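One structure is given here, and the rest of the page talks about it.
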Amino acid sequence: MQLATWNVNSLKVRLPQVLDWLAANPVDVLCLQELKQEDHAFPLEALAAAGYRAEFAGQKTYNGVAIVYRDTLTATEVIKDIPDYDDPQRRVIAASFGELRVVCAYFVNGEAVDSDKYTYKLTWLGKLERYLADSLARWPQLALLGDFNIAPDDRDVYDPAGWAGKVLCSESERAAFQRLVAMGLADSYRHFHADGGQYSWWDYRAAMFRRNLGLRIDHILLSPPLLARAQSCEIDRAPRKNERPSDHTPVVVTLG
DNA sequence: ATGGTTGGGTTCCAA
């Protein structure tokens, strides 16, 4: 079984690339972030023609998340948004596939550490943490996939000195990431790869992708029973080379 | 050096 995550930065623009990618990479579950569209515009028919169904939580202009899954699977116990947290931004969707619980999240970016958006980010991280603790108690086989907007350590940053203390790399954000790890959610990419210089996002500006100046901020975290089944976790850089690419590229985990 | 590019929406915001 394969699970993947991809921040598509507008599903409207990227739908052809998503369909191409699924044709070449027929994963079982694909978590999408930054749909940037309302639910009435979600491309259910195009995905159905490709053999996929989806659950989604969109909104106009910003945010928006979806779980796309093979039509041989059944999604149950779907939740949209973090329970008991009144947040107008559509950033979380979760669904069960048998015993497997999939949580797809678009973490707050935060803009800068002195921004109100950073305060929102830390609040949001706290709410997510509580929600995941509850979820893990109910679903031991839990995978958390998404754009975390956190580079867990300096290996995940092209210029660690330049990024030190900045948003995406700050101590508080990294501490929040480590609290997820302490909960039992392992960074599956790091489980298989110790090397640095492997990124999932590159700024559109200044030819950052061509120069491989990026950050690893898209992650797949696995609870212990799933980590035990994990066979590989890979970043697929190919879609970042497309014309009109997303600024993020997919991450894929293979479970036995 | 506070730049640069993209998407969505609209006279700029978010990333």
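Note: Cβ is positioned from N, Cα and C throughout, glycine not excepted.
Nobody curates TrEMBL annotations by hand; they come from automatic prediction.
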Of the candidates A:GLU34, A:GLU129, A:GLU171, A:GLU234, the one that TrEMBL places in the Mg(2+) site of A:ASN7, A:ASP147, A:ASN149, A:ASP247, A:HIS248:
A:GLU34
Which same-chain residues, if any, lie at least 6 apart from A:ASN7 (Mg(2+) binding site) yet have Cβ under 8 Å of it:
A:LEU32, A:GLN33, A:GLU34, A:TYR106, A:GLY146, A:ASP147, A:TRP201, A:ASP218, A:SER246, A:ASP247, A:HIS248
Counting across all protein chains present, how many other Cβ atoms fall within 10 Å of the Cβ of A:GLU34 (Mg(2+) binding site)?
22
Using the recorded Mg(2+) site (A:ASN7, A:GLU34, A:ASP147, A:ASN149, A:ASP247, A:HIS248) as reference, state which further residues of the same chain have their Cβ within 8 Å of the centre of those residues' Cβ atoms, listed in sequence order.
A:ASN9, A:GLN33, A:TYR106, A:TRP201, A:ILE217, A:ASP218, A:SER246
